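So the structure is just underneath, and the comments pick up after that.
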């Protein structure tokens, strides 16, 4: 018997497409055709195979009413049409450009006689890159580029006991935002009369088989600030029960700092 077309509906409407769905209450069709006129009024035909019950009509224009006619092909006969109207969605507005990023606070940390570590925050947005600007001890302008993902940088090659003003700019597209600023005074290079000796505490009575001789490696000073020095050392062989650091303070008084045997660094305050 002759197949029957049911109802045609439009679904999933976008600015440039409409999905059509239909039913076939009785029988089967060999194929279908969708006919409509484009935005220029030109007739368009979209063939669809007989097993389908939906098709997406592409290439439409936004905010426009279209009338769709669907025919069913059965042998040599064309049955229908069934019809529906649909209005395409409005064109999506261009995405708003990202809001301008914002620089937070700049502060100096880990000040040594010849370097300063700067840290900063970015409360909103992201920057493409940063630049740190300052004048060296001779008054010459210096520029240090920093990538946009960083939030800290160490400024090297400074002079001891010198006040520096650091300006940090954020680069966002073609804009340079900022600066945010901070001052820092480098540490006093070489003014510490530190005489550091690292010695092991006398071992307890030896076991029947005494352990192999323990050996101290190298002692280095790092993270020097105006009022402290961090010491680091190595133990290439064996283990120590504890360590002591001995030095003389600014008044020439001997000082002793005990350190547990598992440590390899200590800050002398």
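Even glycines carry a Cβ here, placed using N, Cα and C.
For the domain 'Fibronectin type-III' (4-94), the predicted model reports an average pLDDT of 93. The annotation domain 'Fibronectin type-III' is assigned in TrEMBL to 4-94 (among others).
Residues or ranges marked as domain 'Fibronectin type-III' in TrEMBL: 97-192 (among others). The helix, strand and coil residue counts that DSSP assigns across the domain 'Fibronectin type-III' (97-192) are 0 helix, 50 strand, 46 coil.
Annotation comment: TrEMBL describes 215-269 (among others) as domain 'Fibronectin type-III'.
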